[in-house]
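According to TrEMBL, the features are:
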| type | residues | note |
| --- | --- | --- |
| ACT_SITE | HIS91 | active site |
| ACT_SITE | ASN165 | active site |
| BINDING | TYR376 | heme binding site |
| DOMAIN | 63-430 | domain 'Catalase core' |
Amino acid sequence: MSSQTKFSMFKMDIPDIRVSRHPNADISAATLIFASIRISRCSTSDVFPIRNVEHFRGTVKPQTVKNSQIPHKTRVTNNLTKMPSQLRVVHAKAAGAWGEFEVTNPEIAQLTCAKFLDTAGKKTQVLFRLSTTGGEKGSADTVRDVRGFSVKFFTEEGNYDIVGNHVPVFFVRDPMRFPSLNRSHKRHPATNRPDATMFWDFHVNQPESVHTLMHLFGSRGLPDSIRRVTGFGVHTFKLIDSSGRPRYCKFHFRPETGHTSFASAEEAENKAGANADYHTEDLWDAIARGEYPVWKLYVQIMEPERAETFGRALFDITKIWSHKEFPLIEVGKMTLNKNPENYFAEIEQAAFSPSNLVPGIAMTPDPMLQARMFAYPDAQRYRLGSNYAQLPPNRPIAPVYAPFVRDGITTTKNYGGDPNYVRSTLSPGVTTQSITQITHHERIAANALLGLNEIPVDDEDFVQPRDLWRRVFDDAEKEKFVGNVVGSLAGTPAPLREAVVAMFSKVDGEIGQRMMAKIKEDATHL
């Protein structure tokens, strides 16, 4: 072996092994792909040679398998049955890519002490994943659904994740309702088919979801390309400056090309039938051609003094902040410029969580955010194992020293004999971060927090959906929205259709009238 070769994309050292080129193999002589080394001789995973991996036929009559080959050839076949890992409960179908984030606004350093944002022109490696929510891993890309929009920043202070959606709001504000939301959007437990009755039965009984439904059944619900989809952090976070002053913020990703959608639901359905991986293929092929998609990252900023009087919408993810009062401030741009070399290893094993924060960016008391900060790492420990953070797509580039987080299946380093407890005098030179470096003072009026997830639906929940209908939707978008909702109600019980119409009538009476007219019109064509 020669000296160690550094493979910087995945932060690991790999021995430079010289191998002979197989005459029929279209690979280079020492190609390294995601910590694996392609060689010209087949073997088991522990490098026992296999004469012919395609044949499992014995050479002794009557036909038997040579005893020396039995354990090794069965390893090859058993890999297929033991191979599957736990799938994501939500956001199972996805595409992803590598890229970089570049700071474009030098003034952002005045709002946060996060080091990856401290200098204009500074670049940070990112991993991007965009997914549908309800569909299984093999489902179609172009269905009407909320898309998960996740970005992992590999910063010098550790990994920072923005784990959001492609719409600015969410269906529910109470984390206890999320499991039911998820189940209502999936397959019926008896028929094993997607069920519109389940879907709408849930939402008419949780009408705070009406704002998200307005986005979902509008054009935004059917993006025509991952490269042109918007992204939102959805939750309220805090930016902490170098003096410890907090400011509340919301994150927005906007594609440089602008957001675009399919012209109609029929077009999206046709794409789904012709190519279930349409979005995945489009992203991959564009990057392969050198047409790198670019998003600008923006923040909305709210000063603490304004937060004290802002009310419950401060942390209510069913609501947005006015862009007029809180204009978008550019932070930087994200460019995706590298396809994964192995989808499972790099994208499927990626673990995103809103709990992955860096100094200068902090959580808030939003109940949904706090629930997600627990649920995501918990799900990843179940799906990928307790040491998922050691997998290459999740491994920080920043130095990690956590000897009290150790052991468990598939650990790759275990800190030798270092003390596995805190405040040890046996580890000279090891320090902890000063509490003054990572804390800040915060004061919020009680009405922004008290019983947030228990607040019943009231008129305030229909104000922003009403503005969306009256001020944002044009006539064509209104017609499309009504047609999409009514189309999704086909085959549902009449009382449920009436309940859906009644819910949207609270947004604006015109919506209810249009929906009733459309339902009657469609009935005449049956």
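Here the Cβ of each residue, glycine as well, is placed from N, Cα and C on the backbone.
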| field | Rounded mean pLDDT for the residues that make up the domain 'Catalase core' (63-430) | value | 92
| request: Round to the nearest Å and give the CA-to-CA distance linking HIS91 (active site) with ASN165 (active site). | output: 11
| task | Whole-number Å only: compute the distance from the Cα of TYR376 (heme binding site) to the Cα of ASN165 (active site). | result | 15
| What is the Cβ neighbour count of ASN165 (active site) at a 10 Å cut-off, with all protein chains included? | 24
| said: Counting other Cβ atoms within 10 Å of each residue's Cβ, which of the recorded positions HIS91, TYR376 comes out lowest? | reply: TYR376
